[in-house]
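J.: Before I ask anything, let me first share the structure, which is written out below as structure tokens.
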Amino acid sequence: MALIPNGIPEKTIERLSEYRRTLLACHREGITHIFSHVLAGIHGITAVQVRRDLMLIGFSSDTKKGYDVKVLIDFISNILDSESPVNIAVIGMGHLGQAITKYFNGKSLKLRITVAFDVDPAKVDTAIDNIPCYHMECFEKVVQENDISIVIVSSPTKVAPELVVPIINAGIKGVLNFTSTRLNFPQGIYVENYDITTLLEKVAYCVKESEENNDNN
């Protein structure tokens, strides 16, 4: 079980983020309290898991009324969010990079995609969805000038390994890698390798197994 530096398991951090999105939706609908079993049902887990996650971050509540939605949103936000906004850069502004930028911008006040990088002359020195796009030659300078701490890698897979050294040299602290090449960084740089192909193959395998089991019954 992988742990974040503060000792909270990675999977718990993921679930806390998911809980918060659900709680924000509840808050917008005027729902003031929610029980652990309701939150669990929405996320396809057990109420025990929800309570365990919240106890792990030190949150307790009146079990008779359920969790106060607004209080829990604020509590989770204090765990997940930095005090100041976090600036993010996207490397690779092809279809995937542009889709990520378009989807994510405006979703969070604390996480902001502020700059992008590419080597395509048609994209460099332009603004894509209001995000300035720079040539990779300027990477370290632009990252430091804009206080970038996280990069999203959506470049062509074959060039992804070439990005490791520039990312290290620029002082980046976190990487979300959308290419199918696994990127490895030294201690002190957190990396999340998100391979869409592997995830699709996993889904396809589960579908195949389900169909075969149904045929055998």
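Glycine too: its Cβ is placed from the backbone N, Cα and C atoms.
Predicted automatically and left uncurated, TrEMBL annotations should be read as such.
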J.: If you look at how TrEMBL annotates this chain, which of 18-57, 98-137 comes out as DNA-binding region?
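T.: My reading of TrEMBL: the DNA-binding region range is 18-57.
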J.: Counting all other Cβ atoms within 10 Å across every protein chain shown, which of the binding-site residues Met93, Leu96 scores highest?
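T.: Buried the deepest by this measure is Met93.
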J.: With an 8 Å cut-off on Cβ distance to the Gly92, Met93, Gly94, His95, Leu96, Gly97 Cβ center, who else from the chain surrounds the NAD(+) site?
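T.: These residues sit around the NAD(+) site: Val90, Gln98, Ala99, Ile100, Asp118, Ser154, Ser155.
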J.: Using DSSP, what is the helix/strand/coil residue split across the domain 'CoA-binding' (82-182)?
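T.: Residue counts for the domain 'CoA-binding' (82-182) by secondary structure: 33 helix, 32 strand, 36 coil.
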